[in-house]
């Protein structure tokens, strides 16, 4: 049974999809370690649940489509999708939420479009969007920091055996900032909020800032291994932080600084692991840069002015729609010709 | 008048082979907007059936008198008059449902299925055949809208026949899934309608492919070409 080779436009040649996916999973490990250490071990359960659900969904559809099970199940792409879903969902969400999200991603997001390499939308972001639209309350319940729950208690909560409401009053740092600004109606400014509220740490959300830093570390490793090119992450970070810088420079009382935005929410996870998706993202170097830039701008607009806790998922999905257009207008010149393609 | 074979063909085309929602993809706007529950879907289909049946008979009877050049405005006038009648009936007898269905009853006028059947069938066939065509096309619409509405309602809220008291006072809908079912809201929203419609079309194609594989030579002998119309 032969293995898949990667598409010719990837930088590292002569590898298989499996090797790429394993390295992406390795690059996620620092982030997961920081997550377990600072936020709680519940995420391990979610990662396991998502992986099982992804493999089960994949096996089901492969069986229906009469495709070779072992070849596709071992390529690791479903596991990458599963891990990205688990990392973007609230860590103490009930078990069925992540199972539903992952099954939706694998079955509707990936296989209904033709399976590996055929999906126009990022499956993980599709799962996030479907779930946040369907279950907004559950998707916005993040554990309050300082909530010291043992592993057993976290497990009980994920299994749905423990009551949720009284301990799950937390919001993401982004949400906390947005809500505080809205409630105060101009009487509180961002620097005071960042300095006084417990949710915020040194430069972004308490705890979350280090998780994001670990994602950055993993992403840089991927770049150094030449598994991703610099274009998409750079574009995304540039898009997000330039708009943040502009608004922060204009009114630092009402808008948080670019560093806060970069290290909050899913920004760095998105920059290195989601906009770099070789299937649903652009393929040309210039296209990747444009894709990242626009996704970053949109993500900022949605997360700051929109009603949802974070904007990465919707920004990426909207840009996924534009990929064929961007690719068409960003073809590199043919070798030997000067400018015109 | 009408022979057995002709009757079977009209029935077959309306309910299955040229199903308005699954094959012609006509009238997607009410399909997406109204099928949030089974009752809504069924009641809108019933209204459309009445309009289609009467409009088909009216146009078929007048077809030799309608000048070819201005036939579309004439069809629209006939359909609009009928829709006004249905609209007033709904307002009078099912007022709550009328409020739920809202603009989609008047919009039956612009529904492509009605115009497509009038133009493609009633304009060329005698009244009896046209009546049957209108009814069976409507029944094709009815079962797809009922299926889609039922699925969306069940997945989205765990109920079935919610709002039936708007039609039969005193009858209550069923809560099929446990009361703490969180509700997969996506199914009730327009994207869910698109996804489920896609799945229904896939299921129909799959069923036809299987049937064709079972008897290889009885393929597409009794299908007439599709009427051309814009989908709204």
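Glycine too: its Cβ is placed from the backbone N, Cα and C atoms.
Predicted automatically and left uncurated, TrEMBL annotations should be read as such.
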Of the residue ranges B:99-118, B:159-178, the one that TrEMBL records as transmembrane segment | B:99-118
With TrEMBL as the source, identify the stretch among B:1-19, B:20-38 annotated transmembrane segment.
-> B:20-38
Run the contact check on the transmembrane segment (B:99-118) against the transmembrane segment (B:184-203): 3 or more C-beta pairs under 8 Å, excluding pairs closer than 6 in sequence.
-> no
Beyond a gap of at least 6 residues from its ends, the CB atoms lying under 8 Å from the transmembrane segment (B:184-203) belong to 21-22, 28, 31-33, 35-36, 144, 147-148, 151-153, 155-157
Residues sitting near the transmembrane segment (B:44-62): Cβ under 8 Å, six or more positions beyond its termini, same chain?
-> 27, 30, 34, 74-75, 78-79, 82-83, 86, 90, 101, 104-105, 108, 111, 113-114, 117-118, 121-123, 125-127, 129-131, 133-135, 137-139, 141-142, 145-146
